[in-house]
Structures are given as structure tokens and as C-alpha cells.
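Undergrad: Below you'll find the structure I mean.
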Amino acid sequence: MKFVDHDLYLTSEDFTKRRAGLTLEAVLHSSFWHRCYLSFLSSLDSRSPRPSLDPRGMEHNLPVNVREYQELAKKALPKMHYDYINGGAEDEYTLRENIAAYGRIMLRPRVLVDVSKIDMSTNLLGYDIPSPIIVAPTGAHKLANPEGEVATSRAAAACNTIMVLSFGSSCKIQEVAASCDAIRFFQLYIYKRRDVSATLVRRAESLGFKAIVLTVDTPVLGRREADIRNKMVFPPSPNLEGLMSFNDDLGTGGGSKLERFASETLDPSLSWKDVEWLKSITSLPILLKGVVTAEDARKAVEAGVAGVIVSNHGGRQLDYAPPAIAALEEVVKAVAGAVPVLVDGGIRRGTDVFKALALGAKAVMVGRPVFYGLAARGEAGAKHVIEMLNKELELAMALCGCRSVAEVTRRHVLTEGDRFRALL
């Protein structure tokens, strides 16, 4: 079936009208949301226009890798929104290292293995999925495409994989749940007002979400200088409407509005006691996202969580934190098989997925690549990104002599540490 994302070729003015038509009713819930939304619309001005891309031949000349989708996304989005999606904290060292660290891991292929049949399937928390690639939680998908997380959810479902829906979704959780039949997890922050977090958990439970992914690396927001410089206008999450009221001056002064929103809502007193509290209010399995040390991994197991996600928040929180893939093996060894370990951050190729599996990951989560696909070609682009990564993983497995993910082992990779130890 041919696909042309007509919204990709809208002018900045037309795109603004389209987006306003889709979301205005929701944000008129209160005067604060109305003002926030008008401020959001005002950011889509001539300072950062939405460039036009030539649609001729697009559907017959698709991107062949994630980096090409990233270039299309950069052309398609206003600068403020591309910088928000693509940026990191402070010097962006961790952001760059998340990707670069994968490039320093070499593969050790085995030959003369019958790889005529490759099985990439795995099981996560009791759910069978055809590959170990799932969609990471990222907020505000309507910055990329007017259909937002509904389009992303359908793309994930078409690939039979799991989507982790962000609390900051620009679509209501009910809309995403109704969009298609699929396995979904829900990402959560624990707020200063615990009742808000509890309400979100109850909604997720009632709508059939299968697990809670608790982000634990954000007691305060990292310093994201591109957003501060751009005075980033973050569209309010409709999932918080009616649950929180905010200072009317939230959108004034210097810096980003996201920064001030975080300062009013995030709880710097977040501790392991709050993991126990979350367990007490839900029967859903809980995965902790944001663990990068053996010490915290062991505490997570002691706390009784169902899984650990090695993540540095895509390089958006603490700069000079270790790249996710560099922290993975330490966490895997500390957990010692008690719970599954996932990893996110920096994955751009199927070979990256293979390397993560070899270092002990049960599955990987991809965030920005899916966002790039969504920005470039809508639902079809997001789906194509997942499909490309799956095909690249299948190829890497075949060329390394692995017929199933179970056959991908530590002996298939050579890390920097391995090379250093070989010199001793």
C-alpha cells in the first residue's frame, strides 16, 4: 500500500492550524492549559519554520537506516522541537557517548553455522514478542506528527512489539489504549503529590497496561541547555489535566517551560521507600528505569522489582554519566539472573542490539529512532524504523552464526575492557 504523509509537507502556518484543530478542545479544560497551549502555538513561528520536503519519489526512495530518518526529521521539524528531541544535558558528552560506545565494541563472528533459519523471538515478563526490540517511553509525540502516540502505538502493534507509553504522552492514555490491540507498559514518575501518581497507575491498570516502568533518575530535571536557549514550550500532557494545578507564571521568565514544570512537580525526596509505596498500590510488575550501577541494581532486586532498565535518560539528565551500553554488563552481573535487564540509549543499528544481547540484555528499548521515523513519515515511518532494526539484527545474527537470541553470548563481542585486559 502506498503511503504519503501529507502533513509532512504542510507549511508552518498550515501545520499550526492543523495541530490547533486537533488539540484545542482538550487544552481548553482550564485557563492555564489554554494559556500554555497558546504559548506552544506561538513557538511555531517564522523563527523556526517547518521546511517543505519534496514528496515526489519519497515512497519509492525510503531511508535505508536510522541516520537517514534523523536527517529527514531535522528537515521536517521546527528547530525548537528537533533540539528538544535530539538534545541532551549540558556538554552532551553522555548523549554522544551513548552512540559512540557501541562503536567501540567489536563483533566476534562464528562461521560454518547453518543460519538458514533465524529466530529472534524472546519473552519479556511472560509476553512473547518476535524480537527483543521494544519502543521506549518518550513524551509529546505530537511534536513529531499530529497523530502523536496513537500513530506510534499502531506502528508498534503492527510489528507485534511492546510500546512503553510515557506519562507525558500528548495523547490521552485512553486514546492510545483504544487505538489498537497490543501489549503496552506505562511509564511513571512519582510526583510530589502521590495521589496524582496513584491515579495514573489506576488508569493504566484499568486500561489493560501490563507493567509500570518507574523512572528513577529524575528527582530533579537535568540542565538541557538547548531547551533553555530555545525557551522550549512543552505542550501540557492531557493525562495530567484535572489532576494538577500550576502557578500561572509558569511560562514567564528565562529558561524553558519544561524546566519550571519539572520544578513544581518532581519530588527531590524520591527514595527506595517510594518503590515500596508503588508496590503497595498496584499488582502490576514494576521495572526500574535509570539504573547504571551494580549497587543500585542489587537494591532493585532486594526491593522486589520485576526488571531493571539500564538507562541514563538518553543523556538528558546527568552529563558524564556512563554510556548505557558501558554500564550494562556491571548491572547484569549484579542482578545475577534474578530479574530481566533491559537497556536503552544510543541504539541506532541492529548490530547495537546484538551487542546489547551479548552483554546480557534481555531486550532493548529504542526511543529517538522511532521519533525520527514518526516525524519523517508518520505511523509508516515509525513502523519502518522498527522493521529496519529488526532486519539489521537478523542479519547480524546470521553473520555471527547465531540462530536464536539464546545463542548470542558474551563470546560474540570484544569490548574495550577485553582489549585492555589482553595487554596485561
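From the backbone N, Cα and C atoms, a Cβ is placed for every residue, glycine too.
Unlike curated entries, TrEMBL annotations are predicted automatically.
According to TrEMBL, the active site, proton acceptor annotation covers His313. As annotated by TrEMBL, glyoxylate binding site applies to Tyr84, Tyr189, Arg224, His313, Arg316. The annotation FMN binding site is assigned in TrEMBL to 137-139, Ser166, Gln187, Thr215, Lys289, Ser311, 344-348, 367-368. Taken from TrEMBL, the feature domain 'FMN hydroxy acid dehydrogenase' covers 58-418.
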Undergrad: So if I measure Cβ to Cβ from Gln187 (FMN binding site) and keep only same-chain residues at least 6 apart in sequence, which ones fall under 8 Å?
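TA: Listed in sequence order, they are Pro137, Val164, Leu165, Ser166, Phe167, Ile212, Val213, Leu214, Thr215, Lys289.
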Undergrad: Looking at the recorded positions listed here (His313, Asp344, Arg348), whose Cα lies nearest to that of Tyr189 (glyoxylate binding site)?
TA: His313
Undergrad: Is any of the binding-site residues Tyr84, Gly139, Arg224, Arg348, Arg368 within 10 Å of His313 (active site, proton acceptor) (Cα-Cα), and if so, which, in sequence order?
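TA: Of Tyr84, Gly139, Arg224, Arg348, Arg368, within range: none.
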Undergrad: Mean pLDDT, the domain 'FMN hydroxy acid dehydrogenase' (58-418)?
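TA: Value for the domain 'FMN hydroxy acid dehydrogenase' (58-418), mean pLDDT as a whole number: 94.
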Undergrad: Let me know the largest Cα to Cα distance in Å among the glyoxylate-binding residues Tyr84, Tyr189, Arg224, His313, Arg316, as an integer.
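TA: So the binding residues stretch over 19 Å, Cα to Cα.
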Undergrad: To the nearest whole angstrom, state the Cα distance for the pair Arg316 (glyoxylate binding site) and Gly139 (FMN binding site).
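TA: Cα-Cα, rounded: 13 Å.
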Undergrad: Among all the protein chains here, how many other CB atoms are within 10 A of the CB of His313 (active site, proton acceptor)?
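TA: Taking every protein chain into account, the count is 24.
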Undergrad: Whole-number answer please: how many Å between the C-alpha atoms of Tyr84 (glyoxylate binding site) and Gly139 (FMN binding site)?
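TA: Between the Cα atoms of Tyr84 (glyoxylate binding site) and Gly139 (FMN binding site), the distance comes to 11 Å.
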Undergrad: List nothing but the one residue from Tyr84, Tyr189 whose Cβ has the fewest other Cβ atoms within 10 Å; the candidates are the binding-site residues.
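TA: Fewest other Cβ atoms within 10 Å, among the binding-site residues Tyr84, Tyr189, is found for Tyr189.
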Undergrad: Sorry to bug you, but what's the C-alpha spacing from Asp344 (FMN binding site) to Arg224 (glyoxylate binding site), rounded to the closest Å?
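TA: Taking the Cα atoms only, Arg224 (glyoxylate binding site) lies 19 Å from Asp344 (FMN binding site).
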Undergrad: Long-range same-chain neighbours of Arg368 (FMN binding site), Cβ under 8 Å, sequence gap at least 6?
TA: Gln70, Ile85, Asn86, Thr138, Gly314
